[in-house]
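Q: Attaching a single structure in structure tokens format; questions to follow.
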């Protein structure tokens with residue numbers, strides 16, 4: 001008499017647990033980054049033995065704001081903060097294009113994902129590194145085109 005309700009509750013509990021577990025497996029998430037800025041250095045291509053090569057460069061993004069109260073907001077001092085991002089390009093076609101055409105000072109748009117990785121430095125100390133794994137790069141300017149022509 002008491003067994004049957006306990007068995008029903010147990011079955012219902014197991015079913016709910018399995019539904020929760022399966023929904024976690026099927027749950028979608030998003031790791032997406034979009035950056036618009038200027039390249040800080042010409043790219044380098046690195047290859048660790050047994051791994052695919054990677055093109056690496058830095059990208060600066062700027063955040064600007066005015067200080068002051070609401071009335072003086074238009075007249076306030078402009079402050080700026082620059083954030084540097086490490087961009088890594090692994091996709092073969094994009095990696096080669098980035099290595100060849102990304103140049104210091106160029107204005108580019110990068111789409112990708114954030115990756116928090118670890119590596120061993122030259123002193124054999126474990127370090128953490130945050131990088132943007134690029135899967136799309138749009139070239140918005142060419143440094144050579146922006147320089148004024150003399151003469």
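Here the Cβ of each residue, glycine as well, is placed from N, Cα and C on the backbone.
Marked as domain 'SSB' by Swiss-Prot: 30-141. Annotated phosphoserine per Swiss-Prot: 67, 79, in sequence order, evidence recorded as similarity to another entry. Annotated N6-acetyllysine per Swiss-Prot: 113, in sequence order, evidence recorded as similarity to another entry. Here Swiss-Prot flags 122 as N6-succinyllysine.
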Q: Name the secondary structure element type, per DSSP in three states, that contains residue 122 (N6-succinyllysine).
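A: For residue 122 (N6-succinyllysine) - judged by DSSP and reduced to three states - the answer is coil.
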Q: According to DSSP, folded down to helix, strand and coil, what is residue 113 (N6-acetyllysine)?
A: strand
Q: Helix, strand or coil: which one is residue 67 (phosphoserine) in, per DSSP?
A: coil
Q: Tell me, in order along the sequence, which modified residues from 79, 113, 122 have their CA within 10 Å of residue 67 (phosphoserine).
A: 79
Q: Quick check on the domain 'SSB' (30-141): DSSP residue counts for helix, strand, coil, in that order please.
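A: The counts are 13 helix, 63 strand, 36 coil.
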Q: Relative to the Cβ of residue 113 (N6-acetyllysine), which residues of the same chain, six or more apart in sequence, are found under 8 Å away?
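A: Correct list: 31, 32, 33, 132, 133, 135.
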